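According to TrEMBL, the protein carries these features:
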- 43-65: transmembrane segment (TRANSMEM)
- 48-468: domain 'Major facilitator superfamily (MFS) profile' (DOMAIN)
- 85-105: transmembrane segment (TRANSMEM)
- 117-134: transmembrane segment (TRANSMEM)
- 140-160: transmembrane segment (TRANSMEM)
- 172-193: transmembrane segment (TRANSMEM)
- 199-217: transmembrane segment (TRANSMEM)
- 281-303: transmembrane segment (TRANSMEM)
- 315-337: transmembrane segment (TRANSMEM)
- 344-366: transmembrane segment (TRANSMEM)
- 378-402: transmembrane segment (TRANSMEM)
- 414-434: transmembrane segment (TRANSMEM)
- 440-461: transmembrane segment (TRANSMEM)
Amino acid sequence: MAMEGTTTDSEQKISIPEDLAIKEPLIGKEPLCSKDRNGYSNWMVILSTSVAVWGSFVFGVAVGFSSPTQAQIREDLNLSLGEFSVFGSIVTLGALVGAIASGHITDLLGRKGAMRSSSIVCIIGWLAIYFAKGPVSLDIGRICTGYGVGVLSYVVPVFIAEIAPKTLRGALTTLNQLFCVIGLSMTYIIGIFVTWRMLVLTGLIPCIILLVGLIFIPESPRWLAKVGRQNEFENSLMELRGKDADVTEEATEILEYIATIDSLPKARIQDAFHRQYIRPVTVGVGLMFFQQAGGVNGILFYASETFKSAGFASGSLGTIMMGCFQVPLTILAAVLMDRSGRRPLLMISASGMFLGSFITAISFFLKSHGIYLELSPGLALTGILVYIGSFSIGMGAIPWVMMSEIFPINMKGIGGSLVTIMSWFGSWAVSYSFNFLMSWSSYGTFFIFSSMCALALVFIFKVVPETKGRTLEEIQASMKPTTLR
């Protein structure tokens, strides 16, 4: 409850500057296609999303590329295990650099400009890998692809969230994670049948599709409004909503919000820890911390060896099952996102990840102590599939969705960079330490992961808000601190 005598948010609205005000209703004359219940046509939003998520596909390919290619690359280029380990893990360091730069690049070049430049860097990286004759070219290519996907991992969900109407935002933003999963799964499966140089095309071709597709879609209207390109803002919003849709109210709301934000001092990195922004930072960084602390990238990077450790003769079958298992459940998450809401899916997801980790830990415990050895492989497979399935319906996609929703436009670059940095730093820490942890204690490793999933459940219940069915401006206003009586 607000303190008596204080001013409410609605009373604090700042008037839109005369040169940015909507002077006449923004409505076209001709219908383009069927409309949703708000009178909006969604075909351009869907087309724009379909183009952007090719960046997410590249993300998945980059993460999964080292898994099926290890033996071939080491044999063809005569690499030591240490040299290949550097090649496999250095992508996360490149992505960390990309994550640090992502907010500034996205604010400076725009959402399309950031995707375009990242695609070019990824293309350079994939070509360096394709033509590599030794470890130096491999590592340079891997760093470039890592940098590119580090930027893409931030800008793709932000772009989708900023162009989508609130009724579709959750489902469309979840496509970011879906295409990551599809890219990862296709890399696992195709890599069994083709040479490692041919597998490079799995990452190279989507970059070219993204680069060409960006020509045909509009820029984010919220970014255009933020940088003062008024005519382009109006045209972009009408193109996204349909020529027959009246977007006057939405345009006014966006401009009012940006006018309010522009009245504030220019955001600096230390402002992310100011009382006004600490809650969205806590939610965004906290969700990404628990996403990684649950151990997902250790399992994804070393799935084959994990299955072998559990008693399987080969890890290929389990790895393929794991990759295929993610796709339908990520689609289910996209369907449920705007129906059941973010919080319920996150809580179900964290609970399932806890259960899956715990079952896997029990499997390794039994194997380590020579008890019920015949049950160990089946329990491990069950536990990992439960874990991956649960991750796919919530903790995989929703932290990225919420990152794109909770930060106000003036803090989106800085806040989004912090969240993306946490994701990639966590990915590096888990993927680097996983083998050492498994050498120390295989069941202890998964007991640690299950404990982190339990803590994630508490964090979600206590801290994370629901954002379903609300505009970005409503979400961000609701996360401002309130003064209590």
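Using N, Cα and C of the backbone, Cβ positions are placed for all residues, glycine too.
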At a threshold of under 8 Å on Cβ distances, which of 315-337, 378-402, 414-434, 440-461 pairs most often with the transmembrane segment (344-366)?
378-402
Cβ-Cβ under 8 Å with the transmembrane segment (414-434): same-chain residues at least 6 beyond its ends:
89, 92-93, 95-96, 98-104, 106, 150, 153-154, 158, 267-269, 271-272, 277, 280-281, 284-285, 287-289, 291-293, 295-299, 301-302, 399, 403-404, 406-407, 445
When each of 199-217, 378-402, 440-461 is checked against the transmembrane segment (315-337) for Cβ pairs under 8 Å, which one has the most?
378-402
Quickly jot the same-chain residues contacting the transmembrane segment (281-303) by Cβ under 8 Å, restricted to those at least six beyond its ends, or write none.
63-64, 66-67, 88, 184, 272-273, 315, 318-319, 322, 346, 350, 353, 357, 384, 387-388, 391, 395-396, 398-399, 402-403, 406-407, 415-416, 418-420, 422-423, 426-427, 429-431, 433-435, 437-438, 445-446, 448-449, 452-453, 455-456, 459-460, 463-465, 479
Taking 3+ C-beta pairs under 8 angstroms (sequence gap of 6 or more) as contact, is the transmembrane segment (378-402) in contact with the transmembrane segment (85-105)?
no
If we skip the immediate neighbours and take only residues 6+ beyond the ends of the transmembrane segment (199-217), which ones have a Cβ under 8 Å from one of its Cβ atoms?
44, 47-48, 50-52, 54-55, 57-58, 61-62, 65, 68-69, 112, 115-116, 119-120, 122-123, 126-127, 129-130, 145, 148, 183, 186-187, 190-191
Stretch among 85-105, 117-134, 172-193, 440-461 sharing the most Cβ pairs under 8 Å with the transmembrane segment (43-65):
172-193
